[in-house]
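So the structure is just underneath, and the comments pick up after that.
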Amino acid sequence: MLYREDAPEALPSQTPPASKILKGEAESRAPASPAPAARTRERGGEAGTGRQQDGTQAAEVSDHCRSASAGRSDPSEEQQLEQEEADFTSLRASWEKAKFRLRRLDGHNDIVTCAVAVDNLVVSGSRDTTVKVWHVPTATEQKNLGGHTGGVTCLSVPPPEYCKRLAWSLSLSDRERFLLSGSADCYVKIWALSVGQCVKSIYTFNAVTALCFVPEGDGYIVAGSDGGKVQAWSWHTFENCQSASAHQEAVTSIQSQGPLVFSGSAGGEVSVWENRRSARDPLRLLHRWSGQVTGCRGGPGGRLTLSPRGDRVFLGYGRAWLKILHWKTGTTSRLTNHSSITGVTDCVHQTGGLLIGSCYDLANGESTLNLFSLPQCRYLASLTWPDAPRILCFAAWTTGSGDHRWVTGGRDLIVWEQLPSSGKRRGDVTVRRDGGLDSCSLESEGDTEDDEETDDHEDDDDSGGAGEGAPAGAEDGGPGSWLRCVLQ
């Protein structure tokens, strides 16, 4: 049944750029509504002893110092820890009572590969070559943006101030919002949403597999290709100002954080770039970590998604856990995202004080979203519903009242609307807790032979498909088939 809201809500185009964090991380204490975020104690420490790249020194781990200080009988410190634990318990209890109403957006006739939110609209891209614009309050299709001749793989929305500059040059309204889309047809297109027209096409010579708008200086469009290239275009002149052979395999994720740009590849590589705001070659490589370092070696055709947060980058790469890369040092931690080895993680996202990882069980076909508190990465709850499809992309925002609104894409495009927990209306989502995730939270990783053998064994399993335990109709075959699904 279609649920209508009394009034449209405002959807921010994207999370505001992080402050310049080249000299360290200032951890956010933003609330992970519906309850205040808990500032809880980290379990086992964030930084493990990772594999080091040549020329990069290992960071000094201060977790032992924390453990020693925690043993002191300081009444104020003990009270603080007790309060933090109480806050986390309250937050966890609130999510156990969370209710969401789901609404499916029907219109695409193939896999939905990407989705973003802008104003009171949701924009989705699909393998069916179209970009569709949806009005959230009424769950109706507003526009169908046709123009790509290949599957749409990625979307990005410039902030309003950058949209104004382009609108002025095109004699459009100051309120015009623009959208960037990338496709397997080798084009990046810029769309004016109010009129539903393409105002600029950029030919890239390679299939576009990742895209990001970088709001620094005059602004930059940064795209990744199936050949491993990272390219940048000036938002002011639309001229290509950089083309770098950044990865050995397809670039599957690009994200920005202040002056930094993060790119990840199908081979598990992660590169960190500094935006120098220059007219030529604005991106300067700071670090490049191989798949051996990140532990995300998935082989050709895999997909790595990333979400940066200060000195850390959360990585999802088709395994039962998330990896946390400390990008300055190359040390890694592992966050369990499924209690079974048959679970695969397709995307990872941050919103407010939440870390959200999607999970699909290849053995039984069950799809869930797992919620963790930030910055401590403690497990809160899992959300699912009957016959939930595999989730390949995720977008999130909050309303003026602080309620969550999410969009998930894959076989279906679905809007999640948070309902008041105290209301009588019944939610469509089942909220539960996975005891296996409670007992296996954040784990440090070391450069051991056992780790190497485990990673190699898992890669061998992936190369063979879903395995005997997977249903014959498992969506898209397995964790490594996403790019093939999109680009064919």
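Here the Cβ of each residue, glycine as well, is placed from N, Cα and C on the backbone.
The compositional bias 'Low complexity' annotation in TrEMBL covers 29-38.
The compositional bias 'Acidic residues' annotation in TrEMBL covers 76-87 (among others).
Annotation source TrEMBL lists compositional bias 'Basic and acidic residues' at 425-436. With helix defined as DSSP H, G or I and strand as E or B, the compositional bias 'Basic and acidic residues' (425-436) counts 2 helix, 3 strand, 7 coil.
Taken from TrEMBL, the feature compositional bias 'Acidic residues' covers 444-463 (among others).
Taken from TrEMBL, the feature compositional bias 'Gly residues' applies to 464-480.
Residues annotated as region 'Disordered' in TrEMBL: 1-87 (among others).
Feature annotation from TrEMBL assigns region 'Disordered' to 424-488 (among others).
If you look up TrEMBL, you'll see 105-144 (among others) marked as repeat 'WD'. In this model, the repeat 'WD' (105-144) carries an average pLDDT of 93.
The repeat 'WD' annotation in TrEMBL covers 169-201 (among others).
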Based on DSSP, tally up the residues of the compositional bias 'Acidic residues' (76-87) by helix, strand and coil. 12 helix, 0 strand, 0 coil
